[in-house]
Amino acid sequence: MLENVKSVILVLSGKGGVGKSTVSTQLALTLKERGFKVGLLDVDLCGPSVPYILNLENENIHQGTDGWVPVYLDKEQRLGVMSIGFLLKTRNDAVVWRGPKKTAMIKQFLEDVYWQDLDFLVIDTPPGTSDEHITVMENLRQIPQCSAIIVTTPQEVAIEDVRKEITFCRKTGIPILGIIENMSGYQCPTCNECTNIFSSGGGKSLAEISKLQFLGCLPIDVRVGKLAGQGLAAVKELPDSTTSKVFNDLVTVLAESIQNGS
Amino acid sequence: MSNVPENAPNHCPGTQSEDAGKASACAGCPNQNICASGVPAGPDPAIELIKNRLSNVKHKILVLSGKGGVGKSTLTSLLGHGLAARFPDKNIGILDADICGPSQPRMLGVRGEQVHYSGSGWSPVYVGDNLSLMSIGFLLGSPDDAVIWRGPKKNGMIKQFLSEVEWGELDYLLIDTPPGTSDEHLSAVQYLSGAGLSGALVVSTPQEVALLDVRKELHFCRKLGVRVLGVVENMAVFVCPNCKSRSEVFPATTGGAAAMCEELEVPLLGALPLEPLLARATDAGHSYLQLHPPASQTLAAMEQILDKIVAACESTS
């Protein structure tokens, strides 16, 4: 399984709505801009956001001779995407499934998608420490080149759930690359005053307490929010933004890791 | 799809299904003989048990959202405090059904409390004179403890929460849920089918990426026949504390909750602003209502939302 993938990156958070899908898509787009071949797998079955964010909502998955063919964002096929969103008839359809059915679907996603040769496979996950996560971990256990990025927002109520996710990673033995803090501050468009709507510094102190690398703070940037639905890379559209800097730095770290590893 | 045993294979049709014991997935399942024996599986006895246990609970409200981090738990705690303050003679209960990420103990300021198990069941933790809470957070040893459970175990916990908590007489039981349309939600709706659910309150934020998942939750309600009391839009506008100008942090590029509600024909109960003071109050476990914030839009909106919820609940009973 996934023999042709050099590195697998799981994007995790115990908390919902902290920006896992935004981080996953922007990370995948940044890697693509840097010339890597990337796959993006969305295992959030009840709330798939990746097709919308990348403006691929009306695309379909095809069955090829080697397995499911992912949806490609670009003609050169440098970014392939797989999500349950492509399998739903309408965008209002709900996937009302219990655990065992979700597990079977994720197994299929991991085993039956024909990704071709990939430098990176980014896996976007739903919040929690349950069926989806256990299934992904169990299946990726044999794959040595797998690591996790944890996303959080600064407030305590999010940090509390994210601590549980860190425990989950440690129990299942998956190495954590580091923590990204999202929604760190909001700059008023009128007076430029920065308000820490969801408090501040939570991600950094969590990284210190849990002895993990801190990968940076993403501010609340309405311009980045508006890229959702268009499938555009922040590093290309907003090259001077803090968001671009964080993703560029992160990709530099990742690029070194696969060069050293392989 | 109900009642999938823990040791069942992936495509288990469910012990209640007509295909039980006969589907191709059943080959090799240790339960196949029981399922195939054809003894008609009656309704889950827990439903009757829960009906009896909750016979003194007048209104049972599910707080739902397909999307995470939109404010389900914040709204639940606000509603709990709001109802408790509005009706000092009535009792309000909150059940935190988010098994993997329980937030209520922190938001209600009762972290670290213990629940006690007596002959009549678990006694919930009292936040105030007439507001009580039950959450898996009370059963964890440390805040780092993760609940790494698959669906069936989570369902068992929810069944226990519904059937074994000694709430006493309650006017409102608010059930806070995790995001999604899966085990926790299905179990809560099915287990409460005997006791009767007043309806669901659906929370959203204005941007399309959240609305997309909330539409799925409304579809879930429709599929399962759960009445939608209404939608609350959270984090709608942000008022800068410095210059007082209003801006949209999560822009409603597709018309926000209002457009979605019109499209799907569900009532919109109101919109709450993005309020840093509220975020701080929930982090610290203080009641936002008791902070008496001056000229608070959140409070004004909350009162209106409460009016509508109370009216909707009373109209059915």
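Cβ atoms here come from the backbone N, Cα and C positions, even for glycine.
Record features (TrEMBL):
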type	residues	note
BINDING	A:Gly14, A:Lys15, A:Gly16, A:Gly17, A:Val18, A:Gly19, A:Lys20, A:Ser21	ATP binding site
BINDING	A:Cys188, A:Cys191	[4Fe-4S] cluster binding site
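All features noted in TrEMBL, drawn onto the structure.
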{"residue": "A:Gly14", "record": "ATP binding site", "CB count, 10 Å": "27"}
{"residue": "A:Lys15", "record": "ATP binding site", "CB count, 10 Å": "26"}
{"residue": "A:Gly16", "record": "ATP binding site", "CB count, 10 Å": "26"}
{"residue": "A:Gly17", "record": "ATP binding site", "CB count, 10 Å": "26"}
{"residue": "A:Val18", "record": "ATP binding site", "CB count, 10 Å": "28"}
{"residue": "A:Gly19", "record": "ATP binding site", "CB count, 10 Å": "23"}
{"residue": "A:Lys20", "record": "ATP binding site", "CB count, 10 Å": "29"}
{"residue": "A:Ser21", "record": "ATP binding site", "CB count, 10 Å": "27"}
{"residue": "A:Cys188", "record": "[4Fe-4S] cluster binding site", "CB count, 10 Å": "20"}
{"residue": "A:Cys191", "record": "[4Fe-4S] cluster binding site", "CB count, 10 Å": "12"}
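Reduced to three states, the DSSP call for A:Cys188 ([4Fe-4S] cluster binding site) is coil.
DSSP assigns A:Gly19 (ATP binding site) to coil in the three-state reduction, placing it in neither a helix nor a strand. Secondary structure from DSSP puts A:Gly14 (ATP binding site) in coil. In this structure the alpha carbons, written CA, of A:Lys15 (ATP binding site) and A:Cys191 ([4Fe-4S] cluster binding site) are 31 Å apart. Distance between Cα atoms for A:Cys188 ([4Fe-4S] cluster binding site) and A:Val18 (ATP binding site): 20 Å, as a whole number.
The Cα atom of A:Cys191 ([4Fe-4S] cluster binding site) lies nearest to that of A:Gly17, taking the binding-site residues A:Gly14, A:Gly17, A:Lys20 as the candidates. With a threshold of 8 Å between Cβ atoms, the binding-site residues A:Gly14, A:Gly17, A:Lys20, A:Ser21 that neighbour chain B are A:Gly14, A:Gly17, A:Ser21.
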